[in-house]
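Below is one structure, written out as structure tokens, with a few remarks after it.
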Amino acid sequence: MTGLFGEIFLSALLFGAVTAAIPLLLAGLGEQMSEKAGVLNIGIEGMMLAGAYLGFVGAFYSGSLWLGFLTSAGGGIAVALVMALLCVRIGLNQIVIGIALTLGLEGLTALLHHFQFSRSYPRLPAVDVTVIPLLSDIPVIGPALFRQHLSVYLAVALVFAMGYVYRRTQLGLNLQAAGDKPAALDVAGIDVVRTRTIAVLTTGALAGLGGAFLANVGAGLFIPFITNGAGFLGIVLAMLARGRPVWVLFGALLFGVCLSLTTAMQVAGINIPTDVIQMLPFLAVMIMLVLFGRRASLPAALGIPYERGAR
Amino acid sequence: MSSASSLSVDKRDIVALEGVTKRFPGVVANDSVDLAIRPGEVHVLLGENGAGKSTLIGMLSGLQQPDEGRILVDGEPTAITSPRHALALGIGTVFQHMMLVPTLTVAENLLLGGPWWQRPKTEELEARVAEITRTLGITVKLHARVSELSLGEQQQVEILRAMVRNSRLLILDESTSMLTPKGIDELGALMRRLVEQGLAIVFITHKLKEAAAFGDRISVLKLGRKVGEIPPERFRALGEQVIISEIVELMFGKQKDDPEAAERPVRTIHAEAAPLLQVHDLGVAPTDDAPGLSSISFDIRPGELLGIAGIDGNGQKQLAEALAGQRATAYGSVRLQGATIDALSVGERRERGLRYLTDDRLGEGTVGTFPVSINFFLKQVGAAPFWRRGVEQRAEIDKRAAQLVREYDVRTPSLKTPVARLSGGNIQKVLLARELAEGAKVVIFNKPTYGLDLANTLASRQRIRDTAARGLAVLLISTDLEELLSMCDRIAVIANGLLVGTVENADDARTKIGRLMIGLAA
Amino acid sequence: MSIDTAPSAGATALDATAAVVTRRDIQHRLLMTLGPILAALIIAGSILLAVGVDPLAYYSFVLKRGLLSPLGIQQTLTRMAPLLFLAAGLIVAFRAGMWNLGGDGQFLLGAVTAAASAPALVQVMPAWLALICSFVIAMLVAMIWSLVPALLRAYQGVNEIITTLMMTFLGTSLANVLVKLVFRDPGTTVPQTRTLPVEDRLPRLFDTTITSGLLLGLVAIITVHLVMTRTAFGLKLRIVGANPRAAIHAGLGVPKLTVAVFAISAGLAGLAGAVDILGVQGNVRADWNPAYGLAVIPVVFLARMNGFAAIGFVFLLSVLSIGGESAARRLGVPNHFTLVLVSIVLIVLALAEYLDHRYNQSRRELKR
């Protein structure tokens, strides 16, 4: 059994954890942006699927992973645009529209994939890794963390960029005001609808990128329903992170480790159903909620459409 | 009448309104209003609730557009299309409901509204704020979170915000409703310093005394129309009493006295009668968003009207909720007719005759989307004869509801109309009918006339007097001192969750209460 | 205020309880339902057209297979049984303003426990009693499963959207674990539970293949509708849903009612799982998840949380999915198209309702 927990195994496990965590991270960061601005975005699963499909198609036909990321962001934004129009501009119920978009995109991407590729599942070539000198020589964590695709580093950098935006920029103030007291933002001369629209579209872009990472970098192919609840996990992460991007990163890594462990166990031939391990992160979070269950500090105006002068 | 004095456009006007009309479904909020606003003047807009003051401000601050007429800024016809546009024109507004983000700091709130890609210019702001606060003689905690500030401090932040943005016109909407008497005086002095610096101020209020004390020019609004204006020349020429009686005439027609100051009927309360409600050493733990209560004790005898005076947010709502059983108490006891009710639920307390008429009519008093008929019985769901074995008896409900609608003069198109479609006064009647229905012994009224028009205010007050006259014990919570003085037998003052003193309602009650409210001994 | 207000805001827009029903209203409502559905069919049809499928041929095939062929209509009516139970559960939750998004987990756990208990129980007791016991067990398990989100929401104010979502992920995995480790049928190679013999399953109706579970489902949803609209208990739940603060003010025991709502909603989802297993499937295979829960949510909204309307929409959904499954085999259009169609119907209907509301408002203003 020594081989099981050997260096190579641990390293592969960690590598897998990071790969599994990135889509969740992007989804969580995206959802966090919407929620901060007061929009509960249940359609994020649909945005991820749109991104995954278009990202795959883009990368498959162009041969460029980066072009794939571009088309995936476009796909996510397109879905987000529908959400922004219906929920932010004309104020329809966010949960209803969100679920409709998720269901619709589940169906649409499966449908399009069927007519595009019939029953074949073409693969993309394996991605190139960017090796970070020195750091990648550290045993175990070196190969796991510092021999990743460039997009992984960018996604992690995004965590800190978002943190900076929220704490140090005018946009961060605007977003928080849009979620906590939209009327105050309005009388300060900033358009609430526009601020929330920006947030929702950014969410779409991030979710789309997350979907593309899942398909193109993680799996190397697109299969219908590939997100398998990753968007909903993003919602959970965002709500638990209480507005802080770093917590989304920690949460995503926790889930990533568990997901990676499942694969590793299968490879190692251990006879525990993978479902047991998949349950672990949820179990951990639920236990935490039961033990420390307190009112999650959600934005005051979350889920409520803004109407100027409504009394 | 002197309303014809400023109809023509004057070069000195920063902002002028000409024939401005604004309609909402069912109401004409403003009907052909003319108004001239000049630098160096405090222009008081005086009127009852529903006179159209808020709508007028909405149009000046870019939240709403007029349906007819035009607004001139510096003599040019201008459509103020958005709050941003209003700010750019130099119009700053301090709204009645605070427009600050509670989770941000004061500095962050002041910085809100800059170009989105920029870093907030904190240093620049600090310098600017220091300069303004020095000339105005106020202090502001820039790095405190807004949720930690008192309402008075929040208001100063809002005024400061308007100043930071170089406003030439400052609109203050019902700014005194949340302030202590001392705070109101300070605000008056601050306004004076601001107009001396050349600013124009529009000060909205429904209180005659403030209008007379702080104004240079007064415009009186009534049911959406401007019914009169007192220009500065006349203002200076007349004494305060004359001005007040002139305003009263404008607002209420040809009656010489303030109609709100109705003489308090002398009632005889049986001093030896056992108290109906006894509160002893009651305490409530504070929560994140509400102050606690400590050691509250008082008795109310049959037929007695006890008032609770105090600035809003000092624990009045917590007291009412604790008595009604809606809020957990930390210690102390409440007795109803001598029997302790501490362990009883809201429903059981109601059953025994303890009634609570909430101040939040739509927020918790009613379910807006439900029909009027059901809202009468919201606190009796499941009770016979309206429900039998849990099944709704529509005929019984409608019969009784129709009876209550007649008895309490509720103006509603039908029993099935969603209650939120009624006016505030009629919703209040639904609540009165519900709480005063059979079996009431002790009634708690929380701000019963807040936001009502004059007719409904007077009607509600009469109901409350009648309630006491029927031998019930009444607890009247109000932030309107005049109301308490005109109705109560005794008035207790609440501050920071503590009853700081109780005053017999005699001649010197007003001064004593004023001293208690600012923390001096009576 | 927090996110808690979102359901009630939704409920006001979609709640039909306060309206006065007249004949013109019914006509108007019918128009407002059928019009958008037609528009959605056209939009979805143009998607089919874009991928090279004749929409008319597709729709008529779906209609023929799902509604007009004797076999199809029987399958459709059978499919309705679990969906009706799920819809009934969601009506209770949504009317009480609680977003139970955990239907799939509750459904699967109900299914697995029913599948585990029924084959064992038929050996020791008459089949009818075994079925009843299995239903009760499935219901109880689902109820207990909902207790965590219910208690967290009732006593700690933890948002139920996250907790029910997490519990549904957990429940799905747990159901699989149970199938693979605990209730696995030793007699088969693929992991699945023991199979309930066909003769011990819920009886079929008359000489058809329609399960009698359909009747149970109809009873469930009609009962729910009547309880919600005609009883004191239903009114209490609606008060909690429409205005939680008014519920506290009126002295309703909101925490207890919250727990009750979750229990009823989850119990009905558990029954949905049981009715599918005991009437149709006979066993649960590992990784089986029809994901009815999410698909039924739009149905409940389309029906504006009205039980009778929900029956109609559940029927429509069943026709579409049975017909769609058939079309997948014959026309090569994946049955996922049904999801697209449902989603478009929901969006168009919400949009139509908004436009109708705006139109009425401007007309009212013009009248003055």
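Backbone N, Cα and C atoms are what each Cβ position is placed from, and that goes for glycine too.
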Per TrEMBL, which of C:104-128, C:204-228 is transmembrane segment? C:204-228
Surrounding residues of the transmembrane segment (C:80-99) on its own chain - C-beta under 8 Å, 6+ positions past either end: 4, 6-8, 10-11, 15, 106-107, 153, 160-161, 164, 211, 213-214, 216-218, 220-221, 223-225, 228, 234, 237-238, 240-242, 244, 257-258, 261-262, 264-269, 271-273, 275-276, 279-280, 292-293, 296-297, 299-301, 303, 305, 307, 310-311, 314-315, 317-318
Cβ contacts under 8 Å made by the transmembrane segment (C:292-317) with residues that lie 6+ beyond its boundaries: 11, 14-16, 33, 76, 80, 82-84, 86-88, 90-91, 94-95, 101-107, 168, 218, 221-222, 224-226, 228, 269, 272, 338-339, 342-343, 345-346, 349-350
With the cut-off at Cβ under 8 Å and a gap of six or more residues from its ends, the chain residues touching the transmembrane segment (C:259-280) are 78, 81-86, 88-90, 92-93, 96, 98, 100, 102-103, 106-115, 118, 131, 134-135, 138-143, 145-147, 149-151, 153-154, 160, 196, 201-202, 211-213, 216-217, 220, 224, 237, 240, 290, 292-293
For the transmembrane segment (C:204-228), give me same-chain residues lying six or more residues beyond its boundaries with a C-beta closer than 8 angstroms to one of its C-beta atoms, as numbers and ranges. 71, 74-75, 77-78, 80-85, 87-88, 91-92, 95, 234, 237-238, 268, 271-272, 275-276, 278-280, 306-308, 310-311
